[in-house]
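Engineer: Okay, here's the structure, questions in a sec.
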Amino acid sequence: MGAIMPGIKGLLFCPPNSRVPGSMAQGLIEVERKFLPGPGTEERLQELGGTLEHRVTFRDTYYDTPELSLMQADHWLRRREDSGWELKCPGAAGVLGHHTEYKELTAEPTIVAQLCKVLGADGLGAGDVAAVLGPLGLQEVASFVTKRSAWKLVLLGTDEEEPQLRVDLDTADFGYAVGEVEALVHEEAEVPAALEKIHRLSSMLGVPAQETAPAKLIVYLQRFRPQDYQRLLEVNSSKQRPQATEDPDNCLG
């Protein structure tokens, strides 16, 4: 199966090359759906009982090899200013729809171990991420500032003790705005219920059922590193499943 790029139009999840075991330490499963927010999105969130948690500005810097080996394996390494490192890895295989499913790793030894596994490197130990960037051939491939308004809410008719849905409304410094409805769960068995809530809330926000939206990183690559963007499209196209009927870029999350 080919690489998956979070947020490009079309199917937002395709089976990954490899799975990250559900028992991996501190790895929550992130289930999300991106959408294009409108001028009335925040007002609608308030009408639905949403609470504005905060407004924040931050810089994200993404790292990969010159060949984009991580992205081609559907792994996304990011350092957020003042927050530290995060590696997103593929979730469960066999899930299709307008959403993505990832495990988020934030403990640096765990991130280093997974990077070494994906890149086929041995003997680097389990130290700091910054210390293995050079030995693994990882370099900065994108960096941009985002202004975010973060909301939380519980859908009517659901148990208030259940984890709240999160809605992030982002505007990047290169002029692109995108929204994301997200749920975090601990087990694969919880994913279907999380998806049902995400779809319900998306509908209540007026998001068309078939609408998809590119992630900020993907739009950045498309605008500022078009050769890298095209490389990922080509890799995904060459490894698509035979039965797929979407355009080549439609399986690029």
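Placement of Cβ uses the backbone N, Cα and C atoms for every residue, glycine included.
Sharing the features that TrEMBL gives for it:
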type: BINDING; residues: Glu30, Glu32, Asp168, Glu180, Glu182; note: Mg(2+) binding site
type: BINDING; residues: Lys34, Arg78, Arg80, Lys88, Arg148, Glu180, Lys216; note: substrate binding site
type: DOMAIN; residues: 28-224; note: domain 'CYTH'
Engineer: Which ones are near Glu180 (Mg(2+) binding site): of the binding-site residues Lys34, Arg80, Lys88, Arg148, Lys216, which have a Cα within 10 Å?
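Structural biologist: The binding-site residues passing the 10 Å Cα test are Lys34.
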Engineer: Name the residues of the same chain, 6+ apart in sequence, whose Cβ is under 8 Å from the Cβ of Arg80 (substrate binding site)?
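Structural biologist: Correct list: Phe58, Arg59, Asp60, Thr61, Glu86.
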Engineer: Per residue, counting other C-beta atoms within 10 angstroms of the C-beta, which of the binding-site residues Glu32, Asp168 reaches the highest number?
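Structural biologist: The most densely surrounded of these binding-site residues is Glu32.
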Engineer: Other residues with Cβ within 8 Å of the Cβ centroid of Glu30, Glu32, Asp168, Glu180, Glu182 at the Mg(2+) site?
Structural biologist: Val31, Arg33, Lys34, Arg166, Val181, Ala183
Engineer: Average the per-residue pLDDT over the domain 'CYTH' (28-224) and send me the rounded value.
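Structural biologist: Computed over the domain 'CYTH' (28-224), the mean pLDDT is 89 on the 0 to 100 scale.
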Engineer: Can you name the residues of this chain that are 6 or more positions from Arg78 (substrate binding site) yet have a C-beta less than 8 Å from its C-beta?
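Structural biologist: In sequence order, Asp60, Thr61, Tyr62, Tyr63, Trp85, Glu86, Leu87, Lys88 meet the Cβ cut-off.
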Engineer: Give me the CA-CA distance between Asp168 (Mg(2+) binding site) and Arg148 (substrate binding site), in Å, as a whole number.
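Structural biologist: Computed Cα spacing between Asp168 (Mg(2+) binding site) and Arg148 (substrate binding site) is 7 Å.
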